[in-house]
Amino acid sequence: MIEPFGNQYIVARPVYSTNAFEEDHKKRDRHHKTFLDHLKVCCSCSTQRAKRIVLSLLPIASWLPAYRFKEWLLSDIVSGISTGMVAVLQGLAFALLVNVPPGYGLYAAFFPAIVYLFFGTSKHISVGPFPILSMMVGVVVSTMVPDTSITTPDNSSVTDDTLLNNRKVVVAATVSLFSGIIQLALGILRIGFVVIYLSESLISGFTTAAAVHVLVSQLKFIFQLQVPSHTDPFSIFKVLESVFTQIEKTNIADLVTALIILLIVSIVKEINQRFKDKLPVPIPIEFIMTVIATGVSYGFDFQTRFNVSVVGTMESGFMPPVTPDVQIIQNTIGDCFGIAIVAFAVAFSVASVYSLKYDYPLDGNQELIALGLGNIVSGAFRGFAGSTALSRSAVQESTGGKTQIAGLISAIIVLIVIVAIGFLLEPLQKSVLAALALGNLKGMLMQFAEIGRLWRKDKYDCVIWIMTFIFTIVLGLGLGLAASVAFQLLTIVFRTQFPKCSTLANIGRSNIYKNKKDYLDMYEPEGVKIFRCPSPIYFANIRFFRQKLINAVGFNPLRILRKRNKALRKIRKLQKQGLLQVTPKGFICTVDAVKDSDEELDNNQVEVLDQPINTTDLPFQIDWNDLPLNIEVPQISLHSLILDFSAVSFLDVSSMRGLKSILQAFIRIKVDVYIVGTDDDFIEKLTRCEFFDDEVNNSIFFLTIHDAVLHILMKKDYSTSKFNSSQEKDGKMDFTINTNGGLRNREYQVPVETRF
């Protein structure tokens, strides 16, 4: 019963061990579902279930019938046109990162957007090329198809640009298609949770490092230099070396054009950001600068006069589908998996922001299916893997996009360029596209500011960010991501392997127990230690747990046990020889020293010294704190140990033996051990693993720390001579534990100094 009393409360209930609580409160019989039960549910079918499956696999069927044409259509059209213009330019620019002709970037901007319209669950993200993902695909392309030459079927080496570009397109398409298959498989198997292994810190560090890679990769287009592709570790430094050793060959026209474009785009983007609330739509600066740059390049014939590198011929219409190369898949399966995971992680994180902002559900597994199908179709039609670009999604949302109808309109804009007006972009300089790609990196490069924020909030996350950045810069995107995930998992192991254990004490004379180092007004019952472990106990940290516990209590129980067994052997030997007498005042030994050495007593049988102390054959009781002067055993004042396992989420089989040996060592030296905070599943697992025996039994479990403390106070037989005479009554003290938030119990024989 809980009695309110102002802003305090008083609880009156018995002191509960786990067993006592189960006796007073009958547990409900619960049926735990087995694999067969889940299989039956999956295989069962009904009209409603079939409808839910269809709507989940085809989300457009749920929201399109409820589409508000009068309210949403105009906004979606405006948003789609703005997003479409950005998608065209980003498709062309990010194709340079993939090392394929720019025109193929339009395919990557078109097909995923159409597929996502039908299968995606987010209303606001714009699916298509993403610079980091394009860079990852480009690394694979550079590895499989070096820029120097290719080998024809008759084993002759040629350098024909057409054959070289066709081979690059096949590699990019194959990698994208297989990455889509991986995403589709993960979505069908409902294991979209794999993205949880990529923390925000890891994603931030990885995308920042990848943005640096993108920046370096675009230098060859800005300076128009012949830089060979490097894909091995330290490749970024090799590219920089190639750039700076050829810096005198820079094409000034390309450099000046790129710097002007980059400066203007950066300034206008900043204006768009600062005045986004006042501007009806963001200024389409990328589109404007592309039109101007294309016109100037064509009008002044930059290609002939200044030898600049231009987009070149763009085929009208769609190219025929490409046949995937199985050999490429075999050689790049690891890269494909990394591309699939990064694409999903980026898209899902951006989609989650908008789903929370506009309050609509988001299905991670369905997102995997939508992205997978989009990349499969894009790869089949010579495109490359896509996700969602943050800037493009921001344009779609900020210009009033309500649904993926805006995505459909943007895809139509891309389609018009592909089939009708793509030839107009042929005079466009590649340095302009490189500048536009760099203009989209500002947000990712600004993530360097995360380091300071993370350091103040969580140093582990800050270290993960820094190491992810270093791994990705040094090892490259693929190996860097793998090493970063491994390092992140290693930090989790460190956190659990070396937990911050603490000793607790009663705070404010209540039923609240906190770290005794943190508070001034604290009470620690005499002879009682309360030890808290805030992590799982498993094979890797059981030794650390044992050492921390020994440090907390101030002695090694196993050492005390061995010392006592050695002393017991000496006492038995003295008693048999008649050299030891027992008086009411203690032991009297008639010899000054015992000649038997420890080595003789041990006889190399340490296991015997670890056994329980047995004094049944002696005609007297042994007080281990009052022994003959020539027999030394460390004295201990501890009589009870409470282990707070409320934060121990699991205990593996390997650590059970270690935990049991720890408990047995304390119990054998007459230190009572109690465990609090565990749930029923924890105790059931110990029972299944035959953890309990005559020494360690299930009566050691209590519901709370306070229950265990009160049980100890009731159990100990304190001397009445310690009582204050003014508080004595018939040899007992009328003691009621009545605290603010504490327990109110019966009369107990408890010393005054233990009052709460």
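Backbone N, Cα and C define each Cβ position, glycine as well.
Note: TrEMBL annotation is automatic and uncurated.
Database features (TrEMBL):
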type	residues	note
DOMAIN	518-712	domain 'STAS'
TRANSMEM	77-98	transmembrane segment
TRANSMEM	104-120	transmembrane segment
TRANSMEM	127-145	transmembrane segment
TRANSMEM	169-189	transmembrane segment
TRANSMEM	201-223	transmembrane segment
TRANSMEM	250-268	transmembrane segment
TRANSMEM	336-356	transmembrane segment
TRANSMEM	368-385	transmembrane segment
TRANSMEM	405-425	transmembrane segment
TRANSMEM	463-494	transmembrane segment
With contact taken as 3 or more Cβ pairs under 8 angstroms (pairs 6 or more apart in sequence), are the transmembrane segment (336-356) and the transmembrane segment (405-425) in contact?
no
Which of 201-223, 250-268, 368-385 has the most Cβ pairs closer than 8 Å to the transmembrane segment (104-120)?
368-385
Residue numbers, six or more beyond the limits of the transmembrane segment (463-494), whose CB comes under 8 Å of its CB atoms:
132, 135-136, 139, 197-199, 201-202, 204-206, 208-210, 212-213, 231-236, 334-335, 338, 341-342, 450-451, 454, 540
Which sequence positions outside the transmembrane segment (250-268), separated from its termini by at least 6 residues, show Cβ-Cβ distances below 8 Å to it?
221-225, 283, 285-286, 289, 293, 302, 306-309, 429-432, 434-436, 438-439, 442
When you check the transmembrane segment (405-425) against the transmembrane segment (77-98), do you get at least 3 Cβ pairs under 8 Å, counting only pairs 6 or more apart in sequence?
yes
Within the same chain, where does the transmembrane segment (368-385) have neighbours whose Cβ lies under 8 angstroms from its own Cβ atoms, ignoring anything closer than 6 residues to its ends? I mean 6 or more beyond.
57, 95, 98, 100, 104-105, 107-108, 110-116, 119-121, 127, 129, 133-134, 136-137, 169, 172-188, 192, 318-319, 321-322, 324, 339-340, 343-344, 347
Using a Cβ-Cβ cut-off of under 8 Å, list the residues of the same chain that are 6+ residues beyond the ends of the transmembrane segment (77-98) and lie near it.
104-109, 113, 126, 128-131, 134-135, 137-138, 141, 168, 172, 214, 217-218, 221, 281-282, 284, 286-287, 290, 311, 384, 389, 391-392, 395-397, 399-402, 405-414, 417, 425, 428, 430, 433-434, 436-437, 440
As a test of reading the model: what is the averaged pLDDT for the domain 'STAS' (518-712)?
84
